[in-house]
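Student: Take a look at this one; I'll ask things after.
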Amino acid sequence: MALIRSSSPHLHKMNQTGHVMRLVLMATLPGMAAMTFFFGWGTLINVIWASLLAVGFEAAILKWRNRPVGFVLRDYSALVTAVLLGLALPPFAAWWVTLVGVFVAIVIAKHLYGGLGQNPFNPAMVAYALLLISFPVEMTRWTVPFVMIDAESSWSVLSLFDTLSLIFGSIDSALIDNYTGATPLDALRHRGGLTTEEAWRQVPVLADGIGAWHAVSAAYVMGGVFLLYRKVFTWHAPVAMLGSLTVLSTLFFIVQPDYFADPFFHLTVGGTMLGAFFIATDPVSSATSNKGKIYFGIGIGALIFVIRTWGGYPDAIAFAVLLMNLTAPFIDQYTQPRTYGHAKANRGMKGDA
Amino acid sequence: MSSVHSFHGGIHPPENKRQSNGAPIQAAPIPAKLVLPLSQHIGAPAEPLVKVGDRVLKGQVIAEPIGRISVSLHAPTSGTISMIGPQPVPHASGMEANCIVIETDGQDEWIEHSGLEDYKSLSKQELIGYIRNYGIAGMGGAGFPTDVKLHLGDDHIVNTLIINAAECEPYITADDLLIRERSDQILGGIEVIAHLLNPSHILIGIEDNKPQAIRALEDTVRGSRLNIDVVVVPTKYPSGGEKQLIKLLTGVEVPSGRIPADVGIVCQNVGTASAIFRAVHQGEPLISRVVTITGDAVNQRHNLEVLIGTQYSELLDASSVRRDDLYRLVMGGPMMGFTMNNEAIPVVKTTNCIIAATHEEMPPAPPAMNCIRCGMCEQVCPAELLPQQLHWFAKGKEYEKAKHHNLFDCIECGACSYVCPSNIPLVQYYRNAKAEIRQEEVEKQKAEYARQRFEARQARLEQEKIEKELRRKARAEQAAKAQASKKDSVAAKPAASTDDPKALKTAAAVARTKLKKAQKAFEQAKDASADNLPELEAAFKAAEQKANDAQTKLENAEKGVTSAASGAPDIKALKTAAAVARTKLKKAQTALKSAEEKGQDGIEALRETVKTLDAKSEAAQKAYDDAQSAPAQVEPVVDIKQLKTAAAVARTKLKQAEKALAKAQESGEGDIAELEAKVKEQQAKVESTQQAFEAAESGGTAAATPIVDLAPLKEEMEKALAKVEKADAAAKNAEEKGLPAAEKMKAGVEKLRGKYEEAKQAYESAQQSSAPSAPAIDLAPLKEDMDKALAKVEKAEAAAKNAEEKGLPAAEKMKAGVEKLRGKYEEAKQAYEAAQHSSASNAPVVDLAPLKEDMEKALAKVEKADAAAKNAEEKGLPTAEKMKAGVEKLRGKYEEAKQAYDAALNASAPTVPAANLDALKADMDSARSKVEKAAAAAKNAEEKGLPTAEKMKAGVEKLRGKYEEAKQAYVAAGGTVEAAQPDTLTID
């Protein structure tokens, strides 16, 4: 047998990108389960529908770009994008909303920039932001958790068939009215003249339904911790993001508790945990170095608080992440680690050292 | 016990060490052939000391170190040298390099050897030299000559000695086994190193996956008087990297671009320590080492004591290799080793492991995917780099950014590639980028050198240009002065001026062409049976005459038969004449054509042609006359310039030769006699060229003007004096030293002195000649000049001969110089004789004829122009005013010419001027023919009743007057022909 000639190292950890992505997919399972449990089949249907679309779009555009379809599809990155988008969408989002979203995410936000690894923005968040701006009605119509629908019944979510017909068929306004409502963030935002304390007592979604969001957030944290443990990402970005959000909201809450929401609320409702562990940790569009990831996370946390409190949109993960995606290259320039044997780290594009 | 620090990153690849660390070290069989690369270390390859066919004994030196960073090479066993030449060597590129090949004889016969009894009695230098001569280079991987590192104690304070026993690469167990079995040797080696470096603290760093080795080391070290600590570090790749181990054991980082000794640390490998022990205590050079043979493709995975130069195939055979399964052959570890595609590659001093891997064991890397910037590489990088960023930069060839991201701090450990989920061959990218950057830097360096060279050259050229310009100006000034002085001394007639044979030639050619055209026109007209044939014929004849004239003049000019006459060199005028002639020519052609077309009606046009041709011939005549009046003097400047350059070159050469001689004398090396001869030769050359130059210079000036510019002469004199003194000193010096060249040098001094005397004389004479400043010419200096010129000619001739005999390249030039000098001499002689004559008659010899001619021509021009102007005025042409102004100008010129003529006439009054009879006669004849022609033309015109007939008649009258004048002049000159000097001067 002819001896091969190759460059060192001759050993490789059997650690494929596909493997990493599969771990991420696995880590979303608890959150997905919790969402399905509390908000019904809609989430599951969205995720599956988005996944199918994502694979389809990815394959089509790969073929169009003359790239090896099977080889690239096996990196699972399109699936991760689809799942994250599916989880972020309202559970009863119509099929075409998901379709538009996945198209934007895969074709525009990812492949038009050169495919995996080349996209400056998180594809799922680009799609989410676009949908939120374009279809505000559909995107703000969140499902009410089952606990608020019928306290007597054990699990009174809309049936699978009804959900399917709602998503893929015509919109039945009676069903919509029955099963949808404001999210806690919405509720607290549009509480009229009520103080936060009054809102907590009087608004049903805050008084009765908040537990669902807490549970879902807890499920995402579980997934995140799992990924941390498997060293899929480092702690820097999520911890920095949650930290800055906590610090800011605490400060404001202490000063004016009547007006501002408490930090626990900020951490446990909306997409905070999903954003912290699955969006902010997206390696492609985030800052590179550990130090950079900290700045990146802090930026996201601060923006989330600002947009939630004073901005025009109820949830702010997508905008915060996209804005920080913009700054990532800049952050990279100023957060090089100090290399072994160097007194200090290099900064800027080039030159100083 | 030292505390253990940590370094950033690192990986935990499968260790795969158990396969090979079970069995003790065995001696590998002595192979039939050993291949010993001359370069097994970092630095210059060793130089072979043996020839093909020599028998060598085990331990015998077969190659010696060259340069500071190099080590010697020894025969690993006894045998015969069968070849010295290129063989495949262990290198990532698979290249070949020079090797010594030994056919072993199996006797393994040792050369007589013994260790040092007490190495501490030796000086450190001696001991280090001893280690160097025993061929010891770092055995950890890089192969840095050990003696160089041991010198570090000289200029660095080494407080920590680190012995690297980490062996962090997977698979390798050579150091592990070595420690287990030979820890006493290692300790012995450490003692020697410690003696040389005198560290305050010795740390042995070893990974915790080698418990038996750790125990062995601790047991051995316990008995040592040295301050040795065995530091167990956690198993993590690459803890055995020098910088990483230093960080682990001391917490200190080696600054980027520096060596550990800069922070007081020296690292040595355990294998090196053992080799030092064997060299110092047993007298055994580094001829064998422990090599791990492992991998799934061999059945026996073990450590062998292998002779350096053993080929891999031997070792694989000794380990029961299954060649069918062998897929990848790696020298070194799997992380940083490189693949071999040839089993004939030999074991060298740095070969610690050979991995015969199967396909399953080390499969080819999966195809690389896009980087997703996951940052896993960053987490494992022991140098704390951003591998993914470096990858982007390397891929995009953004090398500046790569450098800014500290690409050159990458140790190429391969940890990033190992963990990369996209299977990107990162290390390969970095190696490539580094190589490209290095290449770029080399190119930049080259470009910089080229730029500097270019700028230096530009500056030099600029300087030369300026100098040239200055020289040229000086010459021009001198020439102007000479001119001015000559004007003073030779009354009305400036003598020296340049001749322009080229312009003459052109004019002659133009005239010839014109003639041909006229002839053609004439013939064609004849064919067309035109009425105006006689006119045409006359015109043709006139053109012929002019052409002949022109030719004669040209020939005369070429022969140098031009008398000294007035007028500046009129190249411009000649050019203008040529241009005018050309224009006329065109007109004639047009006329001719129209005549052909109109047949009988073309009389007017043909008449025009006649006129044109007439005018043309006038113009041509003017050109020739101008050329005729141009003086015969040769411009001395050109020759002098050449000669001066030759002299300068010769001087430079002499200086070089002298320098070489002085150097040789000082150092007492080399063939002094030869050098001296060379100096002599150069001196002679310098003298001859200098003489030639001076002769040319003084000759030229002498011929041109008796008044010499004193400054350069004085300078020459002083220079000559300085030379004499210098030469004298040199000769004395030579004499004192009793050199054989002394005599010769003395002769040279004498010569130089002679030269000086000459220069002095020249100066003095020049001073004298310039002193009287009388308009009358002092004959003495002229004679002196002449004599001097003669002497110069002779000298130059001698020099030229000398040069020719010696076959010098300047000989040809010198000959030419001699010829020129001879010309000068002739001139000087003539000048002298002329002066003699003129002094007899107390008046300079003036040639009146050309002056007169000038005057007449000017007058003719004035009249013609006047007529033209009047004509124009009558017709009310707008150019009339301009023409009038031109007439005024021409009249002024005429006045000048007349004055010059009158002055010359007055000056030559007492004696009849020496006129050129021939020229006068030619003038007369030409005038006569003109008259005849004009008369014929006028008659013709009259017969035809043309309106121009009257004018033409007047022209005929004028011409007749001119003819009369010419006749008179000729007659007048005819009486004094015998008294006149022949005005011939050979120019070349």
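Just so it is clear, glycine is given a Cβ too, placed from its N, Cα and C backbone atoms.
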Student: Match it up for me: which of A:64-82, A:159-177, A:292-310 does TrEMBL list as transmembrane segment?
Tutor: A:292-310
Student: With the transmembrane segment (A:210-229) as the reference, find which of A:95-113, A:125-144, A:236-257, A:263-280, A:292-310 contributes the most Cβ pairs under 8 Å.
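Tutor: That would be A:263-280.
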Student: Mind pulling out the one from A:20-41, A:95-113, A:236-257, A:263-280, A:292-310 with the most Cβ pairs under 8 angstroms to the transmembrane segment (A:125-144)?
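Tutor: The stretch I would name here is A:95-113.
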Student: Do the transmembrane segment (A:20-41) and the transmembrane segment (A:263-280) share at least 3 Cβ pairs under 8 Å, sequence separation 6 or more?
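Tutor: Counting Cβ pairs under 8 Å (6 or more apart in sequence), the transmembrane segment (A:20-41) reaches the transmembrane segment (A:263-280), since there are 3 or more.
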Student: Across all chains shown, how many C-beta atoms besides its own are within 10 angstroms of the C-beta of A:T183 (FMN phosphoryl threonine)?
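Tutor: A:T183 (FMN phosphoryl threonine) is surrounded by 21 other Cβ atoms within 10 Å.
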